[in-house]
Amino acid sequence: MGLKAVHFGAGNIGRGFVAEFLHKSGYEVVFCDVMDSIIQKLQTTPSYKVIQVGAEGTSEDTITNYRAINSKTHEADVIEEIRTADVVTCSVGPNILKFIAPVIAKGIDGRSNDATPIAVIACENAIGATDTLANHIKGDHTPQERLDDHHQRARYANSAIDRIVPAQDPDAGLDVKLEKFYEWVVDRTPFSDHEPPAIQGIKWVDDLIPYIERKLFTVNTGHAAAAYHGYYHQKATVYDALQDPNILKEVHAALEETSRLIVGKHGIEAQEQKDYVDKIITRIGNPHLEDAVERVGRAPLRKLSRKERFIAPAAELAEEGKDFTALLDAAEMAFRFQNVEGDEESKELAKIMSENSAEQVVEKVCGLQSDHPLFPHVVAVVKKVQADE
């Protein structure tokens, strides 16, 4: 039997990032999704292209050796695939993990204890996403008496992924355009008694937290800050936003604040972090990505939440008595991202802002309590935005 990976979420990250490396590593990829249209396309198209764009030009890979299953209508088939697979990966969005957990749990439960445990790796933009998935699988969907030897059937490894996938050409079909740069870091510790799965592109580490926080508080903070400042100043793309010296200065300032936190907390060298920041600003300002500010800014409620790219680092800096002004400025711009066409959360944000006091907004949206040192500062920002409306 050849190697097989089951991947949930046949969107751009799934097809363009995860499946590309699985394919290059010799895996047959079985895509699972609930979108009829994408499943039908994959079932009737024997190959698609992954196009990497960088400052130095474009390259492409052809992806073959995959199948596709509608997990809504063919659950039994998905369970059978997981029962005989080597790896399960997913890129469905952090809020969807609970919905894919039941079918994965059934697949794992049907596995032999004598086979190598299946490796489960969630590839989501969230800290500890595989843990979240594992908790749903083990906590909600695995019989109590099957938990003791569950580790003989499955191992769960958290991961940090970093690759910018812009909005795609509507006529591209299954082809995916993304940036050349990537980072895929996965926790090695669950595989202490056997080799982790051989997947090209993965960097295996014993401590993932520095990588996750560095990525979230640099790439995600910088990307979103550029988008929200850009949207407020009526720029079309992140590239356009970063051509404005004032916006560029704001993004740099926010990343100087998060860099102070990252260097102090994780012992990363200051110069190494500075080089990382410079590389990130070049990446998010890649003119070939044509990334609309509305797309990068979408889901402002999630992006303003407690563990996310602005409030999490600002809260830690406030606790340490350090400067967080630029992060607060970026958060202000996120609060102004309201009633944006095609983005439900921006409409919900507008409703919350109009129906609540500033204090209630900060508790509700940012998850901050009134005794936190950051709380009054965010309240002041919300009051300012509310006054302008």
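Every residue, even glycine, has its Cβ placed from backbone N, Cα and C.
The following features are taken from Swiss-Prot:
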ACT_SITE  LYS215  active site
BINDING   ALA5, VAL6, HIS7, PHE8, GLY9, ALA10, GLY11, ASN12, ILE13, GLY14, ARG15, GLY16  NAD(+) binding site
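Here the C-alpha separation of HIS7 (NAD(+) binding site) and the residue listed as 'active site' works out to 23 Å.
ILE13 (NAD(+) binding site) carries a helical DSSP state (H, G or I). A simple Cβ count within 10 Å picks out one of the binding-site residues GLY9, GLY11 as the most packed, and that one is GLY9. Within 10 Å of its Cβ, the residue among the recorded positions HIS7, ARG15, LYS215 with the fewest other Cβ atoms is LYS215.
In the three-state DSSP scheme, LYS215 (active site) is classed as helix. For GLY9 (NAD(+) binding site) paired with LYS215 (active site), the C-alpha to C-alpha distance reads 22 Å. Most Cβ neighbours within 10 Å among the binding-site residues ALA5, ILE13: this distinction goes to ALA5. The two recorded residues, ARG15 (NAD(+) binding site) and LYS215 (active site), have Cα atoms 22 Å apart. Calculated from their C-alpha atoms, the gap between GLY11 (NAD(+) binding site) and LYS215 (active site) amounts to 22 Å. Rounded to a whole value, the Cα-Cα separation of ALA5 (NAD(+) binding site) and the residue listed as 'active site' is 26 Å.
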